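Report on the following structure.
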Amino acid sequence: MSDPREIAQRVLEEWEPKTKLGRLVKEGQITDIHEIFRKGYQIKEPEIVDVLLPEVNLRENQEVLDIALTVRMTDSGRRIRFRVLAAVGNRDGYVGLGIGHGREVGIAIRKAINYAKMNIIEIKRGCGSWECRCRRPHSIPFAVEGKEGSVRVKLMPGPRGLGLVIGDVGKKILTLAGVQDVWSQTLGETRTTVNFAKAVFNALYNTNRVAIKPEDIERYGIVVGRAMPTTFEVE
């Protein structure tokens, strides 16, 4: 099933919410994911994202970033499990990162994607590059940093056409978030995929923690979440 409207409609028909937020979404009292972040709700059911941001279920909007095999010794012998790091996004201001474990790769991937949905964030985009000033949300409006373990990542606004000057894992996360042009600096053991991915994700989250002045919104073309209007509605 590749139509976001069909995905959302199917979830609404089959889903039995377990949380207050889930019931509000199911009953149609919350119809925009931006409202969830504005009111400070915590997403504890992946179906909430399936309904409000169904495009994240499209194959091109999901990325498996890392698969690792873990072995643990028990009284009954070795227990082998898979650990999967996955990301989801709508390529327009929303991105999530999650880790899933399972005895089979497929199960671990599904868990990771569901955790990524529940961990989805809304980011600020804009054009903060002094080389550009086009006021379009192709980059980020200001420099931000994120860290995880020994890894530190700094993202800086880039001019249109620059592309994503960052490692492959970072490119995938930024692309899913809808960021097209950035410079980056990294410190620490960046070959550790999980920590590097989390540092990039944390940097994007920190776009929400920088105070902005009203005049900066127009100057840098800042948008929060979606820049493009939704092209579908769920009945």
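Cβ atoms here come from the backbone N, Cα and C positions, even for glycine.
Its Cβ taken as reference, C127 (Zn(2+) binding site) is surrounded by 25 other Cβ atoms within 10 Å in the chains shown. What Swiss-Prot records for C127, C132, C134, H138 is Zn(2+) binding site, and it gives a large-scale study or a structure entry as the kind of evidence.
Feature annotation from Swiss-Prot assigns domain 'S5 DRBM' to 60-123; the stated evidence is sequence analysis.
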Note to self: As a test of the contact definition, list every same-chain residue at least 6 positions from C134 (Zn(2+) binding site) whose Cβ is closer than 8 Å to its Cβ.
What the structure shows: C127, R160, G221
Next item on the list: Would you list, in sequence order, the residues of this chain other than C127, C132, C134, H138 that have their CB within 8 A of the centroid of the site's CB atoms, where the site is the one recorded for Zn(2+)?
Entry: G126, S129, R133, R135, R136, S139, P159, R160, D181, G221
Margin query: Within its own chain, what residues at least 6 apart in sequence put their Cβ under 8 Å from the Cβ of H138 (Zn(2+) binding site), listed in sequence order?
Written below: R125, C127, R160, V179, Q180, D181
Margin query: Please list the DSSP helix, strand and coil residue counts for the domain 'S5 DRBM' (60-123).
Written below: 16 helix, 37 strand, 11 coil
Notebook entry, point to check: What residues, ordered by sequence, lie under 8 A Cβ-to-Cβ from C132 (Zn(2+) binding site) and sit at least six positions away in the same chain?
Noted result: S139, P157, G158, P159, R160
